[in-house]
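Only one structure is covered here, and it is reproduced in the block below.
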Amino acid sequence: MIIVAHVLLILLGATEILQADLLPDEKISLLPPVNFTIKVTGLAQVLLQWKPNPDQEQRNVNLEYQVKINAPKEDDYETRITESKCVTILHKGFSASVRTILQNDHSLLASSWASAELHAPPGSPGTSIVNLTCTTNTTEDNYSRLRSYQVSLHCTWLVGTDAPEDTQYFLYYRYGSWTEECQEYSKDTLGRNIACWFPRTFILSKGRDWLAVLVNGSSKHSAIRPFDQLFALHAIDQINPPLNVTAEIEGTRLSIQWEKPVSAFPIHCFDYEVKIHNTRNGYLQIEKLMTNAFISIIDDLSKYDVQVRAAVSSMCREAGLWSEWSQPIYVGNDEHKPLREWFVIVIMATICFILLILSLICKICHLWIKLFPPIPAPKSNIKDLFVTTNYEKAGSSETEIEVICYIEKPGVETLEDSVF
């Protein structure tokens, strides 16, 4: 046990000595890097380089560097190497700083800053272009065996408010290590370039690098300040509409199918929106899907137009633009009744309405009884008159007595006697 205790004490002592050697001396003095430079290596791209201070005291420690971007947009990060690439706009100038740091779990030691700067290019800010917008679009490449798809680039801008009339602008783009100048421009009424078209580029439709665009200019009267801008491809990529959209109606079921757009992305990388418009009542239905088929229950007595659009799903890249709607497809029956049939229906309805009004008037004013009085029923009592006339002449011709006799059956009205 005594031997074991001695061994443990020896190991513990060795561990403490080793930790003491590894811990940085808080009294160590850190010196800033030297020869800090900023070099433009491409459109909207700079290389920061520096060297360790040769007077820095060497210890068994790992020194790091903290880089701070001051302009045009603040940022900071740490690195262990002595150079750093930075993609940023440069028309406003660029400045950065770097310092030596040494950190552990308890504290951070840092040197003073070493700084460098790129000044803004010459020219009045009002001479540079404004409202630069760019879009990309993917098409099938039938001319290259290396790439199945080709990306085009289209950019537009407005002339600077203080730019002289003889100003001419020129556009360049950089993607990765490729830089290209525009050859196809559109011009305004003064002949100044205001748009550019690249039918074929080195841009990768599935790429994630920044697209850098620079527009500079020239004039005989003043210096034109250049303008550069960075674009994320997912934010400017104009997706093509879906292909081969079909729609069929079976009873009250509307079945819609389509194919994925022309794109380097596979079929599972798309979201879709289906728009179904009832042309009779104006009802609009929009459904979002992840498949290339949709079934809807509809009114089979109406006519519909169907359209579909697409967007790259967030599963494959950051959310971007929706495509344009596909060309409308019309399905269904929207035949109207013939004019003659409608005319007959209207006439019959009018006649029924008039008769109803007349009937109400007659009922209210008792005209019906006055116009068409009821016919009395024939009586059931029949009078049988039996008349017997007896002439009796009593001797004398001067006096004549006429007697009329009758027999009345039960229920027969009594007639008055007439004596002549």
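Any Cβ shown, glycine's included, is placed from N, Cα and C.
Annotated features in Swiss-Prot:
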type     : residues : note
SIGNAL   : 1-20     : signal peptide
TOPO_DOM : 21-342   : topological domain 'Extracellular'
DOMAIN   : 32-123   : domain 'Fibronectin type-III 1'
CARBOHYD : Asn35    : N-linked glycosylation site
CARBOHYD : Asn131   : N-linked glycosylation site
CARBOHYD : Asn216   : N-linked glycosylation site
DOMAIN   : 241-334  : domain 'Fibronectin type-III 2'
CARBOHYD : Asn244   : N-linked glycosylation site
MOTIF    : 322-326  : motif 'WSXWS motif'
TRANSMEM : 343-362  : transmembrane segment
TOPO_DOM : 363-420  : topological domain 'Cytoplasmic'
MOTIF    : 371-379  : motif 'Box 1 motif'
Spatial neighbours of Asn131 (N-linked glycosylation site) that are distant in sequence (at least 6 apart) but have CB under 8 A: Thr156, Trp157, Leu158
Spatial separation of Asn244 (N-linked glycosylation site) from Asn216 (N-linked glycosylation site) - C-alpha basis, Å: 43
Confidence summary (mean pLDDT) of the domain 'Fibronectin type-III 2' (241-334): 94
Site with most surrounding Cβ atoms, counting all protein chains shown within 10 Å, from the glycosylation sites Asn35, Asn216, Asn244: Asn216
DSSP helix/strand/coil residue counts for the domain 'Fibronectin type-III 2' (241-334): 3 helix, 49 strand, 42 coil
For the domain 'Fibronectin type-III 1' (32-123), residues assigned helix / strand / coil by DSSP: 0 helix, 52 strand, 40 coil
Between Asn244 (N-linked glycosylation site) and Asn35 (N-linked glycosylation site), the C-alpha gap once rounded to whole angstrom: 62
